[in-house]
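S.K.: From TrEMBL, for reference:
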| type | residues | note |
| --- | --- | --- |
| TRANSMEM | 6-27 | transmembrane segment |
| TRANSMEM | 48-65 | transmembrane segment |
| TRANSMEM | 71-100 | transmembrane segment |
| TRANSMEM | 107-127 | transmembrane segment |
| TRANSMEM | 147-166 | transmembrane segment |
| TRANSMEM | 175-196 | transmembrane segment |
| TRANSMEM | 216-233 | transmembrane segment |
| TRANSMEM | 240-264 | transmembrane segment |
Amino acid sequence: MGMSKENLKGVILALGSSAFIGASFIIKKKGLRRAAAATGVRAGVGGYYYLLEPLWWLGMVTMIVGEVANFVAYAFAPAVLVTPLGALSIIVSAVLAHFVLKERLHLLGMLGCVMCITGSVIIVIHAPEERTITSVQEIWNMATQPAFLGYVFSVAVLVFVLVFHISPRCGHTNVLVFTGICSLMGSLSVMSVKALGTSLKLTFEGVNQLVYPETWFFMLVVATCIITQMNYLNKALDTFNTAIVSPIYYVMFTTLTILASVIMFKDWEGQSGADIASDICGFIVVLDGTILLQMSKDYERSPSFGGSNPTLLSPSLSARLYSGNGDLFKLADENVAPSEVISLRRRQSMNSGESKGKTYQMAMNDTSFIRHPHNSTAKVV
């Protein structure tokens with residue numbers, strides 16, 4: 001069965017949206033770099049001088065165009081169809097980062113991009129049909145059902161903990177913190193965008209929905225969520241590598257958005273077990289693609305490039321995500337020579353041995369200690 005005209009419009013708008021949003025990542029990061037170079041204060045540590053940088057505003061305008069196209073797409077097609085198409089923004093940002101920001105994308109990263117798209121296609125193929133909505137009050141009833149209220153409460157608690165407790169301590173070394181805040185708020189913004197877009201569509205069709213306070217409430221939620229997303233997305237882009245932020249943000253945002261949509265709109269009601277299982281498999285494929293993109297950054301600094309100990313150059317994924325060093329990402333983003341990055345990794349690897357005892361550190365730094373291993377009183381020079 002062919003795609004309906006409504007869904008086709010939604011798909012075209014979603015594809016265009018992804019292209020604009022993917023490009024905006026690169027333009028905004030160029031603006032962030034230029035602002036940091038001019039003032040010496042990075043957005044990742046609380047600086048807001050990028051607001052005076054025209055290039056950053058050009059990126060913001062590009063993103064707004066993409067978001068508007070995405071907003072309209074939700075009025076024509078279901079969220080489970082529009083949201084996965086955001087994978088294209090990963091490809092656009094990764095390819096542009098390779099050529100514009102000189103953030104190298106190797107074969108492994110390309111394979112990861114292909115897997116992200118493949119997983120998204122699987123999700124789209126097995127996407128359920130969207131239910132017909134006739135008024136914003138019908139959406140309000142869905143939004144106030146106990147299950148979705150529980151989801152909203154959980155998101156609010158997680159965002160509060162991330163912003164006020166985890167972000168000050170781990171935000172600059174853990175890529176999941178800033179992207180997690182963006183993704184959690186993004187899932188709520190999409191639900192509100194869907195409600196607002198449907199309301200405006202019904203209004204243009206002659207059924208005025210602007211007279212209902214629920215329409216204006218959804219508009220307020222959209223504005224609040226987007227402002228929060230932009231703030232923490234800027235921090236993520238300025239602190240970590242673009243090719244890492246984009247896919248991780250996509251996976252978390254898409255997963256949480258579809259979860260919210262399933263709870264609120266009950267998208268999986270009437271779906272067969274095979275279709276639901278296929279959707280889950282699609283998520284797994286996308287997640288695997290994201291991990292490959294992450295690994296591709298380690299591959300760039302592998303022995304074939306640096307000729308050094310691979311155990312020092314290729315830390316595990318968990319180490320990069322949960323105890324990774326933000327300085328390494330900054331060095332990579334600022335095109336620091338690979339030898340300097342390798343040297344920093346070596347120093348960090350040796351410093352990590354402090355937790356195992358100071359004797360080991362003395363043995364690594366004091367030649368007299370090495371010559372006289374039984375002299376435990378040797379001083380570190």
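All positions are counted from 1 along the displayed chain.
Backbone N, Cα and C atoms are what each Cβ position is placed from, and that goes for glycine too.
Where in this structure would I find these features, and how exposed are they?
M.R.: Remote same-chain partners of the transmembrane segment (6-27), defined as residues 6 or more beyond its termini with a Cβ less than 8 Å from a stretch Cβ, comprise 55-56, 58-60, 62-63, 65-67, 69-70, 72-77, 81-82, 85-93, 96-97, 100-101, 237, 242, 245-246.
Packing against the transmembrane segment (48-65) from elsewhere in the chain are residues 20-21, 23-32, 34-36, 38-39, 41, 230, 234: each is 6 or more residues past its ends and has a CB under 8 Å from a CB in it.
Remote same-chain residues near the transmembrane segment (216-233) are listed as 60, 67, 136, 139, 159, 178-179, 181-182, 185-186, 188-189, 192-193, 195-196, 199, 210, 245, 249 (criterion: CB distance under 8 Å, separation of at least six residues from the stretch ends).
Within the chain, the transmembrane segment (240-264) has long-range Cβ neighbours (under 8 A, six or more residues past its boundaries) at 22, 25-26, 29, 78-80, 83-84, 86-87, 89-90, 93-94, 97-98, 101, 103, 105, 109, 112, 116, 120, 123, 142-143, 145, 147-148, 151, 175-176, 178-180, 182-184, 186-188, 190-191, 194, 233, 279, 283, 286-287, 289-290, 293-294, 296-297, 326, 329, 332-333.
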